[in-house]
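Some features that TrEMBL has for this protein:
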type   : residues : note
DOMAIN : 8-134    : domain 'Gfo/Idh/MocA-like oxidoreductase N-terminal'
DOMAIN : 148-362  : domain 'Gfo/Idh/MocA-like oxidoreductase C-terminal'
Amino acid sequence: MAASNTVKYGIIGVGMMGREHLINLHHLRTENVAVVCIADPHVSSQKLALELAQSFGWPLTVFSGHQDLLDSGLCDVVVVSSPNMTHYQILMDIIHHPKPHHVLVEKPLCTTVADCRKVVYAAKKRSDMLVQVGLEYRYMPPVAKLIEIVKGGSLGQVKMVAIREHRFPFLVKVNNWNRFNANTGGTLVEKCCHFFDLMRLFASADPVRVMASGAIDVNHKDEVYDGKVPDIIDNAYVIIEFDNGSRGMLDLCMFAEGSKNEQEISVVGDIGKGEAFVPESIVRYGTRVAGRDGVQTLKAEDDRIKYDGLHHGSSYLEHLNFLSAIRAKGEKAPAVDLQDGLISVAIGVAAQLSIEKGRFVTIKEVMDEHHWNDSV
């Protein structure tokens, strides 16, 4: 393949996740991709990304701001992996830039529903750009296998989706930005938009109302940054009711390092049940008729993954998928679009509000009355 066919990437925000994208793209180099530029205001992050790129033999142009990167014209695709609260302005600048750039934006799309909707609306006018949202948990092999089982009809009509995430506390990020709701959108937006996206996918339905209970009980209580104590919750239960009568439940605990699995997903239909376990990479499923003795256990693997990284190979598959959409030149929509990003944030915002208000919160309340599908 000629060098002119190389898809050139720029990464905006090269903290932990930005560097993870850099490594994933290096493992995709046989697909004729290259990271050619980065933008980040933090010199320490720039330096770490440069060292990585040098070890891959990739020369990088470094910018301190995203606008300079866009104006350079060096790249065709932009990965946005900057802190959550910066997504809105960066995305708007990319969308309004004269040169079209395809975009992979890390979750959450934005920290508020209003900002997400402005991005969705603006992007509708750019038919020359693809925008994919980084809800890559869909690609984790056990989750992807469970999606396949559910979509294949083996479980019947889905009635209940339960997701348990029991894990370690939030990691330390640049300037501790992820310690505050104002920057992240809140834990249920920042972390859990992944799970709300999966619930919607499994249920094949849109959310109607949300009830949540949560608090900051163990983590970060003795931390102080610029005189402020973190306000992000570290545990919650969230119940979501969908428009087809199915229900979802999230059980989140971020002080549960003593767990065999970080994620356990259960999907129950009217004729069967399926479960996925991460990182064990096990899927179990069975039918009511066959009972306990008929439950099958599979090891879920994907031979395409060349790099497991921080998310069990899902980021690698996400990039592979997005690249195929880019190369299809408008014939293929991104697998996870802006509408998916918007609704996953809306559920998280409703859950955060439910905790604050102590009541059910309707999606209509956080979205205002708006037809679901008019944004795509």
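Placed from the backbone N, Cα and C atoms, the Cβ positions cover glycine too.
Confidence across the domain 'Gfo/Idh/MocA-like oxidoreductase N-terminal' (8-134), taken as the mean pLDDT and rounded to a whole number, stands at 97. The DSSP breakdown of the domain 'Gfo/Idh/MocA-like oxidoreductase N-terminal' (8-134) into helical (H, G, I), extended (E, B) and coil residues amounts to 59 helix, 28 strand, 40 coil.
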